[in-house]
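Data first, discussion second: the structure below is written as structure tokens.
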Amino acid sequence: LTVALGQIGNFLAYTAVPTVLVTPLGALGVPFGSILASYLLKEKLNILGKLGCLLSCAGSVVLIIHSPKSESVTTQAELEEKLTNPVFVGYLCTVLLMLLLLIFWIAPAHGPTNIMVYISICSLLGSFTVPSTKGIGLAAQDIFYNNPSSQRALYLCLVLLAVLGCSIIIQFKYINKALECFDSSVFGAIYYVVFTTLVLLASAILFREWSNVGVVDFLGMACGFTTVSIGIVLIQVFKEFNFNIGDLNKPNMKTD
């Protein structure tokens, strides 16, 4: 139930604010989950995990401060124009070609031994998942209005739903394959960074949300995303390390 509510909130967020803000902030579930697990489930959270939680929250604040203040696409007509833009169509063809190569040629041979193969597949599919989610929200606004564009909005919404459903199913398949072959902590950390980077790239090409962002805000968002990524890596990758601040105060013991 809570996962369903979270996904509904995520969907509403994509329809209300720029993607460059929503996608990186999705990582806040990791530090909050780690903190709750340490108190409710008595799981150990070492000093690196606590530092990671702090960095994730600090980076998120920086992202919020420097994110675009307004949407670049607010209507179905603008969305259709962006979807048919030659630059986005070229990017889409490139992503599809890379996915075909990864799924049918590279993954069967190198997937179980190279973590980046499955991560690349799932992250490239994110190029369809997040823009489709945002597009569905925009198209849904016109579906229930009795005007000539409502029928086109319905067809657009159905196409985006089909794309979203297929991409999610394929992502689940390869995420499960990755978790069978690799450590979940390492996979989760690398997957967040690569997935978010490619989603931001796809959103930037489709919605052009970076067009009104100045140099200072761009650098601020880059620093915020880097800080959040470092925090996620510290929480996920080093959570099994038996290390705490008390170890720093212990004298070095020499043995003969």
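The backbone N, Cα and C atoms fix where each Cβ goes, and this holds for glycine too.
So that you can see what the record holds, here are the features copied from TrEMBL:
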| type | residues | note |
| --- | --- | --- |
| TRANSMEM | 20-41 | transmembrane segment |
| TRANSMEM | 48-68 | transmembrane segment |
| TRANSMEM | 88-108 | transmembrane segment |
| TRANSMEM | 153-174 | transmembrane segment |
| TRANSMEM | 186-206 | transmembrane segment |
| TRANSMEM | 218-238 | transmembrane segment |
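By the count of Cβ pairs under 8 Å, the stretch nearest in packing to the transmembrane segment (20-41) among 48-68, 88-108, 153-174, 186-206 is 48-68. The largest share of C-beta pairs under 8 angstroms with the transmembrane segment (218-238) comes from 48-68, of the ranges 48-68, 88-108, 153-174, 186-206. Contact between the transmembrane segment (186-206) and the transmembrane segment (88-108) holds: at least three of their C-beta pairs are under 8 Å, each pair 6 or more apart in sequence.
With a cut-off of 8 Å between Cβ atoms, the residues of this chain six or more beyond the transmembrane segment (153-174) that come close are 76, 79-80, 107, 118, 121-122, 125-126, 128-129, 132-133, 135-136, 139-143.
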